[in-house]
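Input: a single structure, listed below in C-alpha cells.
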Number of protein chains: 2
Amino acid sequence: MATGRTHRPATRSRGIPEATVARLPLYLRALTALSERSVPTVSSEELAAAAGVNSAKLRKDFSYLGSYGTRGVGYDVEYLVYQISRELGLTQDWPVVIVGIGNLGAALANYGGFASRGFRIAALIDADPAMAGKPVAGIPVQHTDDLEKIIKGHGVSIGVIATPAGAAQQVCDRLVAAGVTSILNFAPTVLSVPDGVDVRKVDLSIELQILAFHEQRKAGEEALPDGLPASAAAARENTDKGPDGDVPAVMPA
Amino acid sequence: MATGRTHRPATRSRGIPEATVARLPLYLRALTALSERSVPTVSSEELAAAAGVNSAKLRKDFSYLGSYGTRGVGYDVEYLVYQISRELGLTQDWPVVIVGIGNLGAALANYGGFASRGFRIAALIDADPAMAGKPVAGIPVQHTDDLEKIIKGHGVSIGVIATPAGAAQQVCDRLVAAGVTSILNFAPTVLSVPDGVDVRKVDLSIELQILAFHEQRKAGEEALPDGLPASAAAARENTDKGPDGDVPAVMPA
DNA sequence: ATGTCTTTGTGAACGTGTGCACAAAGATTG
DNA sequence: CAATCTTTGTGCACACGTTCACAAAGACAT
Ligand SMILES: NC(=O)c1ccc[n+]([C@@H]2O[C@H](COP(=O)([O-])OP(=O)(O)OC[C@H]3O[C@@H](n4cnc5c(N)ncnc54)[C@H](O)[C@@H]3O)[C@@H](O)[C@H]2O)c1
Ligand SMILES: NC(=O)c1ccc[n+]([C@@H]2O[C@H](COP(=O)([O-])OP(=O)(O)OC[C@H]3O[C@@H](n4cnc5c(N)ncnc54)[C@H](O)[C@@H]3O)[C@@H](O)[C@H]2O)c1
C-alpha cells in the first residue's frame, strides 16, 4: 500500500478513500449472505451490524460510490451487490498465479473461496523440479523456469508469493518484470517494487505479536482495578536506566 | 480493531498508538536480521529502509517507547531488540491453540516462524473424530470435546481459528468462555466477542479484492464514465455458485 | 394532499496518523 | 576545550479517518 497518490482534483466522486476500499469486501460478503437468503432490502443499521462496523461509517462509505439507497427504506441488496462488485472490479475474472507450492501455497490453492469471488487460479508455480507436473487442487504445478511464459500467456496481473522469505524478492522481481502489477505476499519480508505495483502483505507472526502486545497489557492492568494507567508509566520509567545500566543490554535467549 | 461493541475506546491509556504497535514487529524483524549479522548499531535511516517505512515515522514510533537512541550514532541493535520484545510481550512464551486442522490449519501448524518468535503451539484441535490422535507437525490433534480442558490446562490466552466460516462463531464462543482473550481469525466471518477480547482477522479474499480494485483502476482509466441502468444489475447476479466454499456469515437478527 | 414516520446522505467536530524541518545532544576531531 | 559533524527526538501543520447529529427525502397511511 504505497501507491503514489494520484492527485486527482476529484472531478467526480472518483476518489474513494483507502479505508473505504478495504471495507467494501466486508460489505459485499454480508450482502451476498443476505442475497442468498433472498432478503430484498437492508438498512444501513442492519448491514452495519452484519459487517461489524458503525452505521454512519457505512453510509459515508456508500456515499463515495453514489446515492444507492432509498430514504425511509434502505438499500436494495441485489443492486448494491452489483455496484460494489463493479467498483471492486469483480465483474471480471482475475487470473492469479501462486508461486511457492509448499504447505501454505497448497492450502491457498485448495481454498474454495478463491474462485467464488472473481478470482481464478491460472497457474501454480514452484522451483522444486520434483513438484513439476504434480497436481495440487487439480492443477498441475509448473516449474519456475516457465514463470515469464505463464504470466504473459495468461495475462496474469495478480501474483501470490508463498515461497520462503529468502526467495521472495527474487520471485517478486521476476513477476513484476513479466507484467504482474499486484502482489499478495505471505513471506515475512519487505518487498521493494517499482512505482505502479501494489503490494499487500499477510503476516501471521505480526498479527500474533500485535495480539501479544494487547494481551500483555490486559494482564498488567488486572492489578490496578479501574485505576489510572500508572503501571504503564512506571514500567516506562524503569527503562530510564540508571548511571549503570542495570537493565540487561543483551536480550535473553 | 476489536469487533463487537466498541463504545469504549479501550482505555486509551498513556499508550502506544495502534499504528505504532502494528509496526513494532516489522522493526523487530529487521533488527533481528541485523543482530544475526552482528551489526552493533543502526541509524533510523538505515533501519527505516530495511523495514520499508519513513525514518521520521520510525523515530517517532521509538519515541513512544523511550529514548533508546544515541544522537550522532543511532540505536544499539541488541538493546533495541530487547526493548521492543519486552514491549510486545515476547520475553515470555505465549501458548497458542489452533482450532480447525484442515488445509490452512495444518499449514499454520507446520509454520516454523511460529516458535521462533515467542509463540508455542500448545495444542491442535479439530472436530473431526478421524483426526484425533493423528500427529500434525509432530503434535497430536485433539478433539473439540476437550477444548475447554485444553485451554485451561495450558493457560492458553491466544487462539487461532481456521475452521470453516460456519463454525467460527461457535468455536469463538467456546474459546472465549474457556478463557481465551485474543483471537486470530482466518475464517471469512465477523466474530462478535465480549469487551476485553481482541480479534484480528486475516482474510485472503479481502486482500485480493483490494488488489483487484487498484488493478482495475490502473488498467481501465481511459474511459467508461459508467452510469449503468438498473436493468443490467438485475440481469447479472449469477456470480454466486459456491457449492461448499465458505458458508456466508449469518446475520444476527 | 397532508402529515407522520423511517432512514439516508452529509456538514462539522473531533481523533488519529504522517512527514517536514530543525534545535538539541552527543560523538569526534583538531 | 572549542569547533564540527551526525543523528536523534519532537513541535507543528496537514492529511486522513471516524462519529455525531440532523435536515431532507421518500414511503406510507389517512
Ligand atoms: N505456513 C504458514 O502458515 C505460514 C504462515 C505465515 C507465513 N508463512 C510464510 O509463507 C511462506 C511459505 O510457507 P510454507 O510453510 O508453505 O513453506 P514451505 O517450505 O512448505 O513451501 C515453500 C515452497 O516454495 C518453493 N520455493 C522455494 N524457492 C522458490 C522459488 N525461488 N521459486 C518458486 N518456488 C520456490 C519450495 O519448493 C516450497 O515448495 C514462507 O515464507 C513462510 O514464512 C507461512
Ligand atoms: N485455505 C486457505 O488458504 C484459506 C484462505 C483464506 C481463508 N481460509 C479460511 O480458513 C478456514 C479453513 O480453511 P481450510 O482450507 O483449512 O478448510 P478445511 O475444510 O480444509 O479445514 C477445516 C477444518 O476445520 C475442522 N472443523 C470443522 N468444524 C469444526 C469445529 N466446529 N471445531 C473444530 N474444527 C472444526 C474440519 O474438521 C477441518 O479439518 C475456512 O474458513 C476458510 O474459508 C482458508
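Every residue, even glycine, has its Cβ placed from backbone N, Cα and C.
Automatic, uncurated: that is what TrEMBL annotation is.
Noted in TrEMBL for the protein shown:
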type: DNA_BIND; residues: A:26-65; note: DNA-binding region
type: DOMAIN; residues: A:89-190; note: domain 'CoA-binding'
type: BINDING; residues: A:GLY100, A:ILE101, A:GLY102, A:ASN103, A:LEU104, A:GLY105; note: NAD(+) binding site
type: REGION; residues: A:222-253; note: region 'Disordered'
Just name the binding-site residues among A:ILE101, A:ASN103, A:LEU104 whose Cβ comes within less than 8 Å of a chain B Cβ; none is a fine answer.
A:ASN103, A:LEU104
Around A:GLY102 (NAD(+) binding site), how many other C-beta atoms are within 10 angstroms of its C-beta?
16
Among the binding-site residues A:GLY100, A:ILE101, A:ASN103, A:LEU104, A:GLY105, whose Cβ has the fewest other Cβ atoms within 10 Å?
A:ASN103
Quick one: DSSP breakdown of the DNA-binding region (A:26-65) into helix, strand and coil?
30 helix, 2 strand, 8 coil
Over the DNA-binding region (A:26-65), work out the mean pLDDT and round it to an integer.
97
